[in-house]
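Undergrad: If you scroll down you'll find the structure; I have some questions about it.
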Amino acid sequence: MSVVELEDGVYESTAVIDNGSFGTRTIRFETGRLAQQAAGSAVAYLDDETMLLSATTASKNPKDHFDFFPLTVDVEERMYAAGRIPGSFFRREGRPSTDAILTCRLIDRPLRPSFVDGLRNEIQVVVTVMSLDPKDLYDVLAINAASMSTQLAGLPFSGPVGGARIALIDGTWVAFPTVEQLERAVFDMVVAGRIVGDGDSADVAIMMVEAEATENVVELVAGGAQAPTEAVVAEGLEAAKPFIKALCAAQQELADRAAKPAGEYPVFPDYEADVYDAVASVATEALAEALTIAGKTERNDRTDEIKVEVLERLAEPYAGREKEIGAAFRSLTKKLVRQRILTDHFRIDGRGITDIRALSAEVAVIPRAHGSALFERGETQILGVTTLDMIKMAQQIDSLGPENTKRYMHHYNFPPYSTGETGRVGSPKRREIGHGALAERALVPVLPSIEEFPYAIRQVSEALGSNGSTSMGSVCASTLALLNAGVPLKAPVAGIAMGLVSDDVDVDGKVEKRYVALTDILGAEDAFGDMDFKVAGTKDFVTALQLDTKLDGIPSQVLAGALSQAKDARLTILDVMAEAIDRPDEMSPYAPRITTIKVPVDKIGEVIGPKGKMINSITEETGAQISIEDDGTVFVGAADGLSAQAAIDKINAIANPQLPKVGERFLGTVVKTTDFGAFVSLLPGRDGLVHISKLGKGKRIAKVEDVVKVGDKLRVEIADIDNRGKISLVLVAEESAESAESAGDKGAEKAEGAAADVTPAEA
């Protein structure tokens, strides 16, 4: 569809996404109406109900002292978008939600490499969620909105970038699925890319992928749905390309009509050619030798020594250009690493291209933790720690996403000492949030249902040592820790990071493009390579995937080969993990025991009591924690089984009542004394009377208070229940009680509230 001028200076373009029997979605871009003082602004609509405003601005002067590109992406969730007032104390939006931070990362990853190298002007992209249909997810629309506003801003940007979410539903890849449709999906992918080439040769270069198996994938596959294997994932990447092409075309049409003229922005190359030639002439031989050292610390120490020597030798002829010398040295290092891989299939640490570093796995490493594990892969070391608690400890989420609670929480920590450096510690940075979210998505598909395992689960991954893919190490450590905590996973999950190096290579006088996929990449191979490809999964299918590439597209056969390599590595890692633990352990004695019972919905109020009086009294008397859901599900947690059972019996006495019987015994509490006897609480709302004549053990007493007082515990037996339901009690002799217990007759005598469930009635 061509661009439409809605009014003077206001233009619109549209992309229609046809999903066949799953319906169509319409993405509309508009510019010229809102945020006109920004360098570029655009409003993106999804079916007219979901509306995002994106504004891109650039600083007037470059930060030439920076050695990086200062791009900032912010996503502002406005709660009015969903017709809600923020739940915070001040009733206004504060720090960004996790969803907003993850969306920032989704936008940044394909946008950043699309800017010209050497740009040092500060660029800020702000995406504001202004309206959100509850059936939609806004993150993918935000990628397109950010690309559109940046394309309009007249910046040195090689866009547009298109982003599409596709889900595998009933064997069909559906673009921009609704939340309801995603419940039927087995796999969900966000794919971003841009068009390369012209005319018939035009293709979509995939720049970024974020993918995951859905929460109910195991059940769907068992019911006959297609499993998300490596081959299926590769098909999904191809299926996303037509949708991305349509989105890029709509953006380009609007940019051709309304974009500002390209401005002149100075670029600051990291170094000039003369500096690189000088560095190469003095450092190549020594650096090539240093890069054969297998150990990371020793290798880094030696390359640092060489760098100092180079700076000293070139200090006089290249005075004042020390930063260029440092950048050229890094570029030379990158070239040597890549050349060795491409020509010799030999890596920095001496491994072959498919070799995995030494693996080790150990469980139960933290004494009082509910579950813990230590996973090591080479110099990458991850400690996983699992904590179990009541469902009421699930995270409460106040954001625009469809989730309002999260039962499984995965937190990733990356302290500076993990790389032998100093740095800030404290609240998590965006990278840590992103890595934790990736590991969380990898494990969610294999978690047991809340009915099977009624616990809130917090998983913490501590990166104690880092040299390549701590996020995938976190997946492995977390699987081990969860099993050690007794969590009945549907299947163990492992992860591996893949890399790619490509270049034109002279073979027998002919130049050909060569691609080499690397298994289990080091940190340096990640930095110097063309692709960072993280794959997690079970032995049967992929559960999570993340891809970032610096290339203009990766041939499908290369990607398929990398996926196959990743599966081989994953199976090897799973075997090592199985040697440490291959089934859920017994739960830790320090973990709470949680039992689930069901009560009628109309009895919830009685269980809670006025102002929580009843539920608080049960908690105080038994020591158990109690959480009640709106559907009548009650979670009872306690440090031991006896406390939990006592609480359950008290709840059942209120909500699922049964009449007590003559002869049943109780350990009751004296709640009232009178001239004629003592009233003893047997069950919530059910008291019985011990007559004064029965309190003296055969002796006459003048005053009830001489024998018992309010709060005393008495062992009593029901002697009679009259036709009005009044209960008469007698004391149980201690000798009798003890002999009954020693004989194993504990079923007849109950703790207070542990007898059958009765309807509260007047004693």
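Placed from the backbone N, Cα and C atoms, the Cβ positions cover glycine too.
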Undergrad: Would you mind telling me which of 339-363, 664-688, 739-763 Swiss-Prot tags as region 'Disordered'?
TA: 739-763
Undergrad: Could you give me three numbers for the domain 'KH' (592-651), the DSSP helix, strand and coil residue counts?
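TA: Helix/strand/coil tally for the domain 'KH' (592-651): 32 helix, 16 strand, 12 coil.
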Undergrad: What does the DSSP secondary structure composition of the domain 'S1 motif' (663-732) look like, as residue counts for helix, strand and coil?
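TA: The breakdown for the domain 'S1 motif' (663-732) reads 6 helix, 37 strand, 27 coil.
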Undergrad: Under 8 Å Cβ to Cβ from Asp526 (Mg(2+) binding site), same chain, six or more residues apart: give me those in sequence order, or none if nothing qualifies.
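TA: Sequence-distant Cβ neighbours: Gly468, Ser469, Ala497, Gly499, Asp532.
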Undergrad: Can you count the other CB atoms that lie within 10 A of the CB of Asp532 (Mg(2+) binding site)?
TA: 20
Undergrad: Across the domain 'KH' (592-651), what does the mean pLDDT come to, as a whole number?
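TA: Taking every residue of the domain 'KH' (592-651) together, the mean pLDDT is 87.
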